[in-house]
Structure formats: structure tokens, C-alpha cells
Amino acid sequence: MFLPDGRLIASGSWDGVICIFDLHSGKLVLGPLNAHQDPVRSVVFTPNSNHIVSGLYNGSIGVWRVEDGAPACEPLQGHQDGINSVACLPDGAYTVSGSDDATIREWKAPGRGALSNISQFASLTSDQRKPLSAIAGGLTIDGDGWARNRNSQLVFWVPLDMIMLFPCLETVYNIGPEGTCRAEYSERLLLGDEWHGCFVR
């Protein structure tokens, strides 16, 4: 994928390596980044040229700083199968991914979305914000419908018919054959001991 100004090109390969080359000289500018243990199926520069987004065979998405090749955030998790393509919206606010799981997900860009905000909230001691620490760092949803945090703690349950559609922490929308689903994580969440406060009308 080309840098927006056409100076550089990024490549991802089956061995998990990402490289950035100068388009005119052909010289390696950055890398090889042994960024992943899984094959890289798609790469794209963000519109501001500061990051590379990579879509992987294992269904995760990596975000890397162009200046030094370091990760910009934890891998984005949510797809149930390999990523076919990643793209960025022109304003850079969102990344979109398409997967073999027959869904398209829209993700907030690093520093603009739930991931960074929740990480900040997790360090605070306010009782109102305390439940957010349970989901700081990401969620995965098991086949039984339970969403677990990075410590494998149960956080909440998703109905089995919604698993493929349910947006994980960093996802804004999830679009699939069954429809579209949006989950809002910025409001006060009722997790753990506070589940009794949830109700359905």
C-alpha cells in the first residue's frame, strides 16, 4: 500500500513481516518489522501517514507507528476469522476491516476511541469509573457468548445469535449477513456486582 503522498510503499507478507520501502530508490526505509507471528493479509497507511494498519490471517488488526515501527496500541480483536482487507476513512478517524467471518467492522483510530479513553479511566479510583477497569485492554467473546477481559475474567454475556454481530471494545459498528449492531461503551457500564442494575423493557 502506498503512502498518501506516494513516497513510500508498505508490504505485509505470509511470514508476518511488514516492510516500508522508498518507492523511488527501492531501498528499505523501515523494517523488516517482525510485527506478527501470523501472516499479514492486508496493510494500509493512515491518511496522516503516521501509522500502518495491518490485517492478519488470525483475525486481529495491528497498528504501527511509521516513525519507529513500534505498536501504536494493543492488537484490535473482534473478528472470528482472518482479515481480508483493511482501509482507513479519509479523515483518519476510523479504520474498516473485512473478514472471512462475513463481517465488516469499523474501528476507532488510535488515540480517538474507546481503547485509549478506557485505559485512562482504568487508572482512576472513582467508584463510578471502577467497572471500566474490567474491560481495559480489550475483550474477546468466546463461543459460549461470554465476553472475557485480558485476565480471562467474565465481564458480560452476549446471546449466542448475536456473537458474530456483537461489536467488541474497539469496534464502533459490526455489519454482517444478520444485520448491523452497535454497542456503546462510553456510558456508565453495569458490570460484575452491578449487573443487578440492568433491565430490559
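Even glycines carry a Cβ here, placed using N, Cα and C.
For reference, TrEMBL has these:
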REPEAT    1-31  repeat 'WD'
REPEAT    33-74  repeat 'WD'
REPEAT    76-108  repeat 'WD'
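Residues belonging to the repeat 'WD' (33-74) score a mean pLDDT of 87 in the model. When the repeat 'WD' (76-108) is classified with DSSP, helix, strand and coil residues number 0 helix, 18 strand, 15 coil. Sequence-distant neighbours of the repeat 'WD' (1-31) (same chain, 6+ residues past either end, Cβ-Cβ under 8 Å): 37-45, 47, 49, 52, 54, 56, 64, 66, 69.
DSSP assignment over the repeat 'WD' (33-74) gives 0 helix, 19 strand, 23 coil.
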